[in-house]
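Novice: Can you read through this structure? Questions will come right after.
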Ligand SMILES: Nc1ncnc2c1ncn2[C@@H]1O[C@H](COP(=O)(O)OP(=O)(O)OP(=O)(O)O)[C@@H](O)[C@H]1O
Ligand SMILES: O=C(O)C1=C[C@@H](O)[C@@H](O)[C@H](O)C1
Ligand SMILES: [Mg+2]
């Protein structure tokens, strides 16, 4: 019996957990895509530790992301983000939700590609705007026309996010529905071709 057949009949969460094996699961995507919220729920469902890189950066620097941007600028923030993510990916298996720009940085993207299975949570502009406009803590959106800024970021970044291993549409459905989509995608990894052994922790 092959691996796919042996997993059939088990709960979806168990199929997904087994298919992921010892690999990290890394969420990438734009601000408001749901990386933090859905990542945490997926981690709970899989009983795998969860880490949010923005929260970890705030913890190690003892500053908020906004304060970091204001004090040191985006370049320094990206350098810190790269170092933090490199360390976190070595401590897996974990579910890792990244900040919106992490996968866009070349060095960080290379680490993520090596460090586990990546999922792009892809959302359209209306969905993202509806979510991010409720709070104003995102430094990159403190512009005269934040909706336009968000759209510009989509145009620049979507071709890069598309390099993630898997893409899941993030829509305004119940969060549990999103979690199920993620679990189904992961369960489909068993019997995988290209992703076999990818990001396997030693
Ligand atoms: N499927 C969903 N349905 C409804 N609301 C959602 C859904 N997913 C996320 N949200 C809401 O959208 C907001 C942004 O989600 P979240 O903080 O997880 O985004 P993010 O991708 O981590 O963004 P950032 O890159 O800024 O950290 C939150 O208020 C969250 O509750
Ligand atoms: O999209 C981005 O570049 C960012 C997203 C947030 O998660 C934070 O990491 C920060 O505000 C930068
Ligand atoms: Mg987040």
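Any Cβ shown, glycine's included, is placed from N, Cα and C.
Not my notes, these are from TrEMBL:
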BINDING   32, 33, 34, 35, 36, 37, 138  ATP binding site
BINDING   36  Mg(2+) binding site
BINDING   54, 78, 100, 157  substrate binding site
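I'd like these features described in context: how deep, what's nearby, how far apart.
Specialist: For residue 35 (ATP binding site), the same-chain residues lying six or more positions away in sequence with a CB closer than 8 A to its CB are 27, 28, 29, 52, 97, 98, 100, 121.
Secondary structure at residue 36 (ATP binding site), taken from DSSP and collapsed to helix, strand or coil, is helix.
In the three-state DSSP classification, residue 54 (substrate binding site) falls within a helix. Within the same chain, residues at least 6 positions away in sequence whose Cβ sits under 8 Å from that of residue 54 (substrate binding site) are 36, 65, 99.
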Novice: Cβ under 6 Å from an atom of ligand 3: which of these binding-site residues qualify? The list is 33, 34, 35, 36, 138, 157.
Specialist: 35, 36
Novice: Measure the Cβ-based neighbour count of residue 78 (substrate binding site), defined as the other Cβ atoms within 10 Å of its Cβ.
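Specialist: Residue 78 (substrate binding site) is surrounded by 18 other Cβ atoms within 10 Å.
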Novice: Let me make sure I understand the structure: which of the binding-site residues listed (34, 37) has the fewest other Cβ atoms within 10 A of its Cβ?
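Specialist: Taking 34, 37 as the binding-site residues, the minimal 10 Å Cβ count falls on 37.
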Novice: I want to check the contact list for residue 157 (substrate binding site): same chain, sequence separation of six or more, C-beta distance under 8 angstroms. What comes out?
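Specialist: Correct list: 30, 101, 104.
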